[in-house]
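Shown next, in structure tokens, is the structure this report addresses.
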Amino acid sequence: MKSLFLVAAAILSLVVAHDHGDHSDQAPLEYVRFPFQPTYRGLNGEVTADAIFSGITTFAKLPWVQCLTRESHVPFDIAFIGAPFDTGTSYRPGARFGPAGIRAGSRRLTLYGGYNVPLQVNPFNSGLRIVDCGDIPVTPYDNKFAIQQIEEGHKALLQREAFSPLGNDSLAGERLVPISLDGKHHPRIITLGGDHTIVLPILRSIHSVYGPISVIHFDSHLDTWKPSTFGGAPSAQAAINHGTYFYWASQEGLINNGTSIAIRSLQHGAIRTTLSSLEDYANDDASGFQRIEAREIDTIGTDGIVKKIRDTVGDNPVYLSIDIDSIDPAFAPATGTPETGGWSTRELRTILRGLDGLRIVSADIVEVAPAYDTNAELTTMAAADVLFEVLSVMAKTPLGKAVVG
């Protein structure tokens, strides 16, 4: 009886310690945080393919850091963050599950190490601290408050200083200095949407660090519609949705008019979605965007598309926003407003690689709605692979400008 009492007392002491102890240093056995490393090795210590279907699902099995709460002190260079918001969509909801779906689609990215052959870089072993910060807490009941939550959550990450120093330009060798307004070197944030409404609060966050920003926008829709045209704007909050956010961004001075380019998939001489009238194009022009039609890929190819983008944005720092519906629904069916006649996944990835050398301050992928995907997870895999290209470009290009002399 005495021995049973002692065992019970020991168990109780463990429970009390668990409930009241400090958990900040606790982690699963052999958990590897920084730098990114494969967890499992073979009998001779050689790296083997990880069991990608097991464990907690983060983007590409990156370290999970609670960046917005208990681990807000942990610095990083690039962070993935989810924005599970879809109450600004006009047709098929479900993008609130996009962050989880994209992470699931990314599981195999580091199966064999993560080396990007065309871009000749392994972003996961580039010396940068890359983490998955989980999701921004977003309410599904109040759009105004949700948009505020996304802006504040993004700012909380973006306004920090990056973990790694800028160093020198890899080609010229000159010292690099930050391009931000405050002269500090800030990390880059890759946001997993969420419907496209989330870009308005993200651009507000970007503006707080960089001022008006150039934008590269891959989409099958304009998204610069006046609220009176798109949805009718029965209230001030209804006027902000996934078809009007760039209109508001232009009105608020968040984007650098004249240096932004919208990559939209058009067919038969018209945009891939219906318009209220040709006035929509005039309003799009007034918002500062230039357009590239999807059908142009048949005449100028991916090289021509890349040239148009680079000629437009020049050397300006840019924000990259990618709607998964820029890919044809044959390759990515799980989206809120699908439009036929788009690019293939291979074509979009090729174009993204053509952005090598551009200073992408942050990026997003949006409108992934896994409920409409196939059992093969085509859309979530495509979204993850697209972000792999974006991450690779970021890893190759420091976010600074050279100082001569």
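For all residues, glycine too, the Cβ spot is worked out from N, Cα and C.
Positions annotated as signal peptide by TrEMBL: 1-17.
A simple way to gauge crowding: the CB of HIS221 (Mn(2+) binding site) has 25 other CB atoms within 10 angstroms, across all the protein chains here. According to TrEMBL, the feature Mn(2+) binding site maps to HIS196, ASP219, HIS221, ASP223, ASP323, ASP325.
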Which number gives the other C-beta atoms within 10 angstroms of the C-beta of ASP219 (Mn(2+) binding site), all protein chains shown included?
26
Cβ packing number for ASP323 (Mn(2+) binding site), 10 Å threshold:
28
